[in-house]
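Have a look at the structure below before the remarks.
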Amino acid sequence: MTIYHFVGIKGSGMSALAQILHDKGFQVQGSDVDKYFFTQKALEEKQIPIMTFSADNIQEGLTIIAGNAFPDTHEEIERALELGLSVIRYHKFLGQLIDGYTSIAITGSHGKTSTTGLLSHVVGAIRPTSYLIGDGTGSGTKDAEYFALEACEYQRHFLAYKPTYAIMTNIDWDHPDYFKSVDDVFNAFETLGKQVKKAVFALGDDAELRKLTLDIPIIYFGFGEENEFQAKNVIKETTGTKFDVYHREEFLSSFEIPAYGDHNVLNALSVIALCDYEGLPVEDVKNELKTFEGVKRRFSITEKGNQVLVDDYAHHPSEIRATVNAARQKYPDKKVVAVFQPHTFTRTRTFLQGFADSLNLADEVYLCDIFGSAREKTGNLTIADLAHKTKGNHIIKEEHTEELLKYPEAVILFMGAGDVQKFQAAYEKVLDHEFLTEADLKKSAIN
């Protein structure tokens, strides 16, 4: 029996794909760096072996699935090629895997992971569904009819897919190390659209997506009157958001989600539209929307005393803006403190003023050093260039997170696509020490 070996198994997509193959009964293993990543927890729970990168890991009989971050010169891939083993890139393997299902590719500059998670939750509760989510979660469900997958636009990798449906959440200029302009991004999305078999669900409030020209139906959703599926009468509460949905100006139903911000209404609306198109019962869809608990690293809340710590993947000005607004909806009486770690020097340089403008929507801003991606380790700017444009000109270090104790009633947003979680972990240790010290003082006073 073939053993699938994943080169870079801790990558979010790779981890999810490994879990899918494991669930389908295949033997799976993989390798990566020794550093801990949140994606490996699910792998460990399923007892999928994780090794440290080494050419010695590559033996006869393996089929190699290579992560897109690793070139053919990587020691394990080189050894595999020397042995004449089959080496296939992640996105190409996934493109082959989804054939035979009613596949739904969820793409967009922002909101892919949250929407894929929501769709998987809703459709999966109604019909057997396999799914691959960009937070490292994957499931190869037995006898699945549907396959929901997050489709990343970077380097046009999503062009390896020919899905039944696509959901396009928005188009924005991101990944400036690859895409040269928003027009370049649009061209990639339109090319994907031409590969979709049945229909594309697209945000009609997005000027770029309105330019799509395809031979299949484009079902537009959004807040605007011109959309086929429209969200109206939005009520924002501290417990979530309620809204009505109209289909071609006819009332469909009222919905409720335990999530915050306009972006989450739109994510839910895309799922509602697809489910309606597929004839899934609206009452079932309503019930499942109410129970979605979110995906990893997307507004993930930890309460510590009177402080609320939020872990979020936001790494683009538009995403930061959405996260700050969501925090203000859920916690209207709390101060919002942003702790942000920029991801890649190219993105930071390109959107420097945009980052400053969105971060300054928070009450206080703290910046971590720029996180260089695997493709880009250094740059000719520093975090000070961004700090000069933000409130307070604060730069925070992992070993000095106690500065955040100054905001005892605040919501603290730890945002970034790198390893900003280590700053939150360091601060939680500070808080735990503070709570212990306070408890000791009270105990001494009683005695």
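The backbone N, Cα and C atoms fix where each Cβ goes, and this holds for glycine too.
The ATP binding site annotation in Swiss-Prot covers GLY108, SER109, HIS110, GLY111, LYS112, THR113, SER114.
Where Swiss-Prot records a feature, it is marked here on the structure.
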residue: GLY108; record: ATP binding site; CB count, 10 Å: 25
residue: SER109; record: ATP binding site; CB count, 10 Å: 23
residue: HIS110; record: ATP binding site; CB count, 10 Å: 21
residue: GLY111; record: ATP binding site; CB count, 10 Å: 25
residue: LYS112; record: ATP binding site; CB count, 10 Å: 25
residue: THR113; record: ATP binding site; CB count, 10 Å: 24
residue: SER114; record: ATP binding site; CB count, 10 Å: 26
Starting from the ATP site formed by GLY108, SER109, HIS110, GLY111, LYS112, THR113, SER114, give every other residue of that chain whose CB sits within 8 Å of the mean position of their CB atoms, in sequence order.
ILE106, THR107, THR115, THR169, ASN170, ASN267
Which secondary structure state does DSSP assign to SER114 (ATP binding site), in the simple three-class scheme?
helix
Three-state secondary structure, which DSSP defines for SER109 (ATP binding site):
coil
